[in-house]
Structures are given as C-alpha cells and as structure tokens.
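Below is one structure, written out as structure tokens; comments come after it.
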Amino acid sequence: MLRSIFDFNQRSTKMVMISHKLDLILVFIIVIGGSIFRRVSANFTVPCNGRCGGLTLPYPFGFSNGCSIRFDCSAAEKPMIGDFSVQNVTENSIFVGLSHNCTRKIEDMNPLFGENFAPTSENSFLMENCNRTTDGCSIKQKFLENVLKLKSCDATGNISCFSLDSNSSSKNSAKFFSMKTLRNSSCSLLFSSIAFESVGVNAGIALEFERVRLGWWLKGGCESGTCAANTDCTDVETPHGYAGHRCSCLDGFHGDGYTNPCQRALPECRGSKLVWRHCRSNLITIVGGTVGGAFLLAALAFFFFCKRRRSTPLRSHLSAKRLLSEAAGNSSVAFFPYKEIEKATDGFSEKQKLGIGAYGTVYRGKLQNDEWVAIKRLRHRDSESLDQVMNEIKLLSSVSHPNLVRLLGCCIEQGDPVLVYEYMPNGTLSEHLQRDRGSGLPWTLRLTVATQTAKAIAYLHSSMNPPIYHRDIKSTNILLDYDFNSKVADFGLSRLGMTESSHISTAPQGTPGYLDPQYHQCFHLSDKSDVYSFGVVLAEIITGLKVVDFTRPHTEINLAALAVDKIGSGCIDEIIDPILDLDLDAWTLSSIHTVAELAFRCLAFHSDMRPTMTEVADELEQIRLSGWIPSMSLDSPAGSLRSSDRGSERSVKQSSIGSRRVVIPQKQPDCLASVEEISDSSPISVQDPWLSAQSSPSTNTLLGNIPR
C-alpha cells in the first residue's frame, strides 16, 4: 500500500515537474513570439498613401494614417488642410492658398498650426479691425483692390501688415508664427496673406499674394536617425518647443530621404546609350577640367558661400518688407496679378514680343478689359533689378507730360518684375526712319516729333525737382502713338539729378553712338549729356542713317562724327535723307539747314558749348511754327508733302526764325562754303563756340575755368 502510494507520489511529482516545464516553455514561447511579432510588426508598419486623384505626394506627406504629415483628400481630389487648399510642397515648405475674406476670424487659422507645420516668418498677414498700428506696413484699400480684384469689401477698412522680424542669420532656424502671436496682434480679422521668398543668389524677392508659407518638420532631432543614407538632415526649432528635423537628399541624389532611399542620379552613358569611346572622352574632359579648376576656386567659393549663407535670410526678409511697403504706399500705380499678365501675353509668347531692351524684354498684351498694353519683363533676378523696377515706378508715377510714356501698372508677384505701359501702335521713330515700318516720314512730321521729344526732355530737366536725366535718349526710345505724337520711353537708366552740383559721378551707361563722349571719358553726368544724345537723334531725323553702321567708310561709321564733319564744312545737302529731297521747297530746305545747325551745337564735345534742352525745345518750336501749316495726310508720299503756300512763297533769305535769318549759299564743288549767319542780336554761328554764358543758364561745370 505504502509502495503504491509512494509510486503515485513519484508519478505526481513527475507530472508536476513536467507541468512546470510546460509552463516555462509556454512562457518562453509567448515572450519570444511577442518579440518576434513586434519585430515583424516594425517591418510591416501601416503604409503611407500619398495619392489623391492624379496627384502623388512624396513621403512624409500623404493622406492616410501611415503618413507623418497627413492632408485631407477632398471630393474634388485636391489636397487640403482643413478648408485650405495645398498648392505646393517643397523640401522645406508647404504653400497653402488663403483667398481674401472680409470676415475671417483669427481662430479660423487654427488648422494651419499643426503638430508638424506652422506659418513661417516669411509671410505677411493682412489684418483688419486693428486697435493699433502694427510694426509692419500699412496698405491702402485701393492697392488691395488693384491686386486682388476686390469688389465686396468696405473701401474704408483698415488693412495692416503683420510680420515677424527676422533676427536670426541662420538659414536653418526660421521663426514661426503661433496662434498666440496672431491673437496678440490687436486685430480681430485676418483678411489674407502674402508669402515671400528669395529668388537667386542676390536675394531678389518674389511675392505671392493670397498664399501662406508653412514650414514643416518631423518630431525629434537629427540624432533620432530617421533619415536614410545619402541625406542631409536639418534641425528645426519648432514653435512648440521640442526638437524637429527635415531630411533631404544630397546634391546628385534623388528620393524622399525617408522610406525612399536617396540614390545617385544615373549618368547619361549607361545601358543602350553606352558608347565607351564617347563616354571615355567626356569623362577625361570633365575630370581634367574639374580637377584643374577646383583647387583654384575652392577656398574663394567657400568663403563667399559662407558669407552669403549667413546674410541672405535677413537681407531677403528686410527686402521683402521694403518692397511690400513701397509698393503698397504708392497707390497711384495699379498692381496686376501675375496670372493676368501671363494670360495677356499668351505666356510671354514669342509672337507677342515687341523687342529687347537693356534690362528686359517688351511684349504686347491684351488685358481683361480688352485694352492693349506694352509689358516690359525685367530679366535680371538680382538686387539691382529690384531697385531698378522700384526706381522706374517712382519716376514714371511722379511725372506727367503728354509726350512721356505713361505707366499703367506693374506686377511684383514673381521673381521677374513686370512693368505695364500704354501701347504705342505706330512703333518707334527708328523703325520709320530705317523704313522698317512704313515708307518714311515727311519732314513736317519729323520736325513735330523732334519738337515734342525736346519738350518732354526739357520737362524732365527743368520742371522736376530734383531734375531727372534720362541717360538713354535714342530713336528706339521715341515711340509714336495713334496720331504719330512722340512718347519718350524707357526710364530704365534714369537717375535723379542733384541740385547742389551740376554733375553726378557714375559709371557710363547708355547706347553706343548716343553716349556723351565727355561723359564717357570723365564720368560726369549732367543735363548736357541728354542734349548730346538728342543731337544724335536730330542727325538721324535729317539723314535717315543708322547711328552706327560698319558698312559705311571707316571715317563715317559713327553718325555723330559724320554729321559734325558735313555740317561744319557746309555739306549738309550731302547727308539729307533722299526721301526728303524729292521735291524740296524753300522753307523746307531752310528749316532742315537750321535744324542741322542746332544738331551741330548739341553735338559739341565740351558740354558747356551745348545749349540746354529748354533752348533746344524753344528753337525747334519756332522753326516748326515759322513757315508752314500742318495740313497733311500721313498716307501721302513724303516727297509730295510741302509746307504751306505762305512758306513756299517766301525766299530763303527772308525766312525768319526767331531773331535769326539763315542764308543758304549755293553748294560749292569743294563743299567748303560757309554758312552765312545774319542775326539781329546774337553773334553766334555754326563755327563760333556755343558758350553757355551767352544764352545758357547752366554755367557751373568742370570746364567753366578753362580759358577759351
């Protein structure tokens, strides 16, 4: 009995031991299985769906739970953040549309402040109902009406800019807005916003109206190790206080830097395109050139790169605020949306191109109101171009003269600033003188254009305070409207004169053949520099010749030198445009000679020997009114257009112009006959120096003390 009990106990003990072993094995299986399950789960996380309709976004953006930055896919298959449409995503920004709304509350902006994104300091919010003036700019309602095409808002509304000051010079620590910041703005309504960014290495600024720029990040610093291989990790100081980061592929690699590893871009010489000798030759050339130049430029390039990297963000921020303030403050100029400009020119089509100027290309365009305009697109994306467009806007909006081209508006939304002018259907004076358009202009019309142009330039010199010097007067900058009236254009090289001195030291700018020779040598700019350029235009009007023509004899390549030589030696008739010589009457021939004498004085080498533009305009007006009545048809041949009978019946010797009477002698074979000048009160002639002390008020020049 005892033995049986003992045996039973032994069996029970063995069973218990086996049971414990089974329990241990089960626990081991559960632990190991759980570990294996977790590892498997880690390798098979919920995927990120980056597709919305026909759009596919790269990770970390997407539309499902597996995406670190999740957007909504609307019924219209467009990415959304709440009620705001996502317009673009880049390696560091999310661009969201923010259309104008007169009643939008600040709290409605909550969806734009997420766990992984927020508006950056590269925005300027347009606020309404502000209790105090914001630190940013103040925008007039008319400006917003022009840019945003508003119709429903109260025109008396108080619109102010609200921006963050960029105090950091580091590219990687851009400041962010917060809801608390907006609530503390003392404004109750948020009307819209303007996003800006730097374009190009010299910090040109592009403004995007009705847009918000959001900076994005993933949680954790770069030490979290979420970036894939061949990436550059950027630490982000988030507005929430915790660390954030962004991953981006290195130069020469492509991918998203996270789930899609960055792979090196494939070279051209590969696969079916592999031609060993061709690739080997290219490789040797590339490697040799790279190695040879790299060591020479590396240190210098690195120095400038570091310097620009530290200064660009702050300069960009301040430039954008300055541009916005200046643009908004000048309510007399309309601001056109970039989309309207692009549509007006058919996407800046070659068919709409009118010509190429010193700083940009001019296109013909048709606005939404069916008005034809000339659109000048500046091509330089640098700080000089930005200053250039603001300078031209200020100049053109401050002048008002019937013979100066009128600025209708501008566009500063994109990197290329755009100016919009009134359209001139009859082209330029140069086109008509060179017969590129029409069959030539009659003398009476040429004289009218010259007179109107001189009056416009004289207005810039004498009626503006300080005076404005054009610096690029030429026949291609003299436009003709529907009635062939002159319109002086292109203030791209204009500079404001200084009242305390008669010259400005600056680098010579302008067009070869028109540039003041004294200015080119001495770097002194004055009103007389424009007088010289206009003298070249007068020579063009008389001769119909090109200003610089290498097909002419060597001594006659430059029209100014040719005109001075022929006029000074009494051979004016040799250079008169043949189309004017078909049937000249006495007054026409006399007036051509008188204008030639005026051109001769304008082309004097020394500036103090030239007349002022006011004197030039007065003399041309006297010539124009002296002997003819403008009754002509522009469709008639130039040679058949004469002066009036009153002018034709006069003898040349009796043709009085002001206080002068010009006697035109018979042309001698040696072409050395002098021009006899009979004057009631003035001893001045073509051969005598034109001294400013005799008739010009501008006597204070650098050459004033040179003995004559």
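Here the Cβ of each residue, glycine as well, is placed from N, Cα and C on the backbone.
In Swiss-Prot, the annotation N-linked glycosylation site falls on Asn131, out of Asn131, Asn426. Asp472 (active site, proton acceptor) falls outside any helix or strand according to DSSP and counts as coil. Mean pLDDT of the predicted structure over the topological domain 'Cytoplasmic' (307-708): 74.
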